[in-house]
Amino acid sequence: MNMRLYLFLLGRIALLNAAVLGLPLGCALYWGEDTVLAFAGPLAVTLVLGLLLKTAGKQHKKQLGVAEGAWYLLSIWFLLGLIGMMPYVWTGMLTPADAFFESVSAYTTTGISLLAAGQAEAHSLLFWHSLMEWMGGLNFIIMLVTVVPQVSGCFGVTLSAHQSIAFSPMISRMRNAALQTGKIYAGITIISALLYLAAGMNVFEAINQAMTTASTSGGTTSLDFAGYDNSFLEIAAMVSMILASCNFLLIWRALSRRELRSIFSDTELRTFLAIVGAVSALIVFHLWRSGVYDFWQSLRYGTFAVVSFLSTTGYASAQFSLWPGFDRYVLFLLVFAGGCIGSATGGLRIMRIIVLFRMAAREMRRTLHPQMVVSLKIDGVSVSMKIISRVLSFFFLYMGVFFFSMLVISLSGIPLLQSMGVAAGCLSSVGSTAELYGLASYASLPVWTKLYCTFVMILGRIEIFSFLIVLQTIAARFHSKW
């Protein structure tokens, strides 16, 4: 394993986040808040740590291997969690375990907060939480187009075949791919902020809300849409969430080639929009027929809920726990689907679901006609058996982790439906999933449950395969010693 490159990359991430800590520090100084030391101290610690790691990684190789990539994907989230927790521990607002949970939840864009309403009233702390979520989304997007293709394989092969983008473990090409997706991510954030401003938010609220929307994080520290009761804000949020759920590489290709029409010819995006339309119609009709709302309220709240949960953002414009069981279960299923591949959304992603359904249809045709040769194609591109087997493996692992986590979390004493919501929410990065079944706060959960939930959040973000590779390298090292 190339430790020098591994340490060098971790050092760069630490230095980047040290610079980012300067932003809430500036907010604290500008507003004259008592959180200056809470950001100055962590900034100094992170800066020193980053310099030490980068120095230790000097004279590294220029190519990232699978083992280093897997270790890096796993380590980076723990490193970010430790960096993000420091301001909360410094102020004494949260215990170290709760602060780590809060930080990992933000960076993985899960959006769960243990802070009581109004507890983090300081502008600098609110900004820091939104900034962690935004940086977490950016980090995931960059990893998705740089390191993840080397580790899980499925993403890289599918995207490169579908969008003619070359993936390489070489550092120079990694920088180029990261820059492309980063520009799209920043652009969507700016568009979102402008939409929120136009809908009536002030500048500070619009910036914070845009960061949580672009990262599809949402969360309890975000705007209370139900409290505002503003349909224009909800429309702005829905447009932003749909944009944030699109494939960023697809948008980049369309803009660079000036072929905007090609975006809507993409099978994955059309499937995503079709799901939004079909499921929205289903929930709107059921809410109206059940007498929960009148038709226009059903249209407003039902459509917002579908976009919110399918994009894995998790915003709430109504009290979903009071909705009929049918509607809550449909929203729960949407959490597993997620948005398009190449976005910051969680879940299985639409591309994988398309592959699963088309593979099932192909097998049905082969059962009826055993001698028929049927290839699986998406947008005219043949999908190899290697990709299909990866998708099947990931689906099996994903559902296995979900059911296992549901049982583990139920040991904390909460009802099984709530533990199901917690497990799905942590794995798919939708923290408000448990609210569908009445769990309003995670603060009352035992410490061990919170720590396990942080592990599940990280596991969902590293695509599970990375963790298995890390376990394999550890086992191989022990085997070689014995």
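Heads up, residue numbers simply count up from 1 along the chain you see.
Cβ from N, Cα, C; glycine included.
Some features that TrEMBL has for this protein:
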{"type": "TRANSMEM", "residues": "38-57", "note": "transmembrane segment"}
{"type": "TRANSMEM", "residues": "69-90", "note": "transmembrane segment"}
{"type": "TRANSMEM", "residues": "140-161", "note": "transmembrane segment"}
{"type": "TRANSMEM", "residues": "182-204", "note": "transmembrane segment"}
{"type": "TRANSMEM", "residues": "235-255", "note": "transmembrane segment"}
{"type": "TRANSMEM", "residues": "267-288", "note": "transmembrane segment"}
{"type": "TRANSMEM", "residues": "329-357", "note": "transmembrane segment"}
{"type": "TRANSMEM", "residues": "391-414", "note": "transmembrane segment"}
{"type": "TRANSMEM", "residues": "420-439", "note": "transmembrane segment"}
{"type": "TRANSMEM", "residues": "451-475", "note": "transmembrane segment"}
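Packing against the transmembrane segment (391-414) from elsewhere in the chain are residues 152, 154, 348, 352, 355-356, 359, 420, 422-424, 426-427, 439, 445-446, 448-449, 452-453, 456, 459, 463-465, 468: each is 6 or more residues past its ends and has a CB under 8 Å from a CB in it. When Cβ-Cβ distances below 8 Å are used as the criterion, the transmembrane segment (182-204) is approached by residues 123, 127, 134, 137-138, 141-142, 210-211, 213-214, 223, 230, 232-233, 235-237, 239-240, 243-244, 248, 251-252, 344 of the same chain, each at least six residues removed from its ends. When the stretches 69-90, 235-255, 329-357, 420-439, 451-475 are ranked by Cβ pairs under 8 Å to the transmembrane segment (267-288), first place goes to 329-357.
Remote same-chain residues near the transmembrane segment (38-57) are listed as 3-18, 21-22, 24-25, 28, 83, 86-87, 90-91, 124-125, 128 (criterion: CB distance under 8 Å, separation of at least six residues from the stretch ends).
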